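Colleague: Quick one: this structure, given as structure tokens, is what I'll be asking you about.
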Amino acid sequence: MRSIANKKLVIATHNIGKLQEITTLVAPFGLTIQSAKELGLPEPKETGTTFEENAYIKAFAAAKNTGLPALSDDSGLEVDALNGAPGVYTADLALQSDGTRDFLKAMQKIEEKLQKIGAHKKSQRKCRFISVICIAWPDAHADYFHGRVEGSFIWPPRGDKGFGFDPVFLPDGYKNTFGEMTTEQKHGWKLNDQTPLSHRACAFKLLAENLLKLS
């Protein structure tokens with residue numbers, strides 16, 4: 001498994017919320033980072049059918065265009081009662097005709113589907129967030145790191161922190177949704193300290209221990 005020798009890394013995302021979270025996680029490692037948006041890179045079409053495929057598409061596109069290693073996160077929400085949907089298509093569920101994303105409408109769509117099948121109890125609303133982090137190099141080499149967190153889909157949404165589906169995700173064993181947690185509480189992890197909570201922090205801990213050669 002490679003290391004990031006030159007300490008330069010491109011974050012392959014145009015999602016402001018995701019960029020902020022990744023930047024927070026990367027901060028302790030002394031890397032010089034730039035985002036795909038800052039560099040004016042186009043957003044590649046996510047044509048993959050798995051989190052791994054879409055993470056690679058984004059990371060390799062940025063690496064190829066910059067000549068630097070690039071990190072991408074592809075993540076989504078899997079709801080058991082909906083046979084794992086929306087899954088890899090989570091972000092697409094929020095996509096509007098004008099190209100913007102409305103996550104409140106997306107959350108409402110999931111709630112309507114759960115209501116339609118009679119999934120009213122918390123025990124019927126089990127779900128999880130999945131994160132796959134890919135770091136790709138210009139020569140097409142890639143490393144992957146996986147994370148997940150179990151919880152329940154709650155309604156109505158609670159909290160105005162975080163982004164995406166955070167307000168409707170209640171992690172197992174907690175009273176607050178991700179939307180009610182600070183970034184630090186949501187991640188639940190710092191270098192050499194604590195066990196990670198969020199799916200993204202779980203994946204990043206593996207990245208830190210293996211690719212960044214830290215523990």
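Here the Cβ of each residue, glycine as well, is placed from N, Cα and C on the backbone.
Owing to the predicted nature of the structure, the values given are computational and were not obtained by experimental measurement.
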Colleague: Could you look at Ser75, Ser97 and say which one Swiss-Prot places alongside Thr13, His14, Asn15, Ile16, Gly17, Lys18, Phe163, Gly164, Phe165, Asp166, Lys186, His199, Arg200 in the substrate site?
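Modeller: Within the candidate list, Swiss-Prot flags Ser75.
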Colleague: Which of these binding-site residues has the least crowded Cβ, counting other Cβ atoms within 10 Å: Gly17, Gly164?
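Modeller: Comparing Cβ neighbours within 10 Å for the binding-site residues Gly17, Gly164, Gly17 has the fewest.
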Colleague: According to DSSP, does Ser75 (substrate binding site) sit in a helix, a strand, or coil?
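Modeller: For Ser75 (substrate binding site) - judged by DSSP and reduced to three states - the answer is strand.
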Colleague: Between Thr13 (substrate binding site) and Asp74 (active site, proton acceptor), how many Å separate their Cα atoms?
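Modeller: On Cα coordinates alone, these residues lie 10 Å apart.
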Colleague: Between Gly17 (substrate binding site) and Asp74 (active site, proton acceptor), what C-alpha distance do you get in Å?
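Modeller: That comes out at 13 Å between the alpha carbons.
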Colleague: Largest pairwise Cα distance, Å, within the listed substrate binders Thr13, His14, Asn15, Ile16, Gly17, Lys18, Ser75, Phe163, Gly164, Phe165, Asp166, Lys186, His199, Arg200?
Modeller: 21
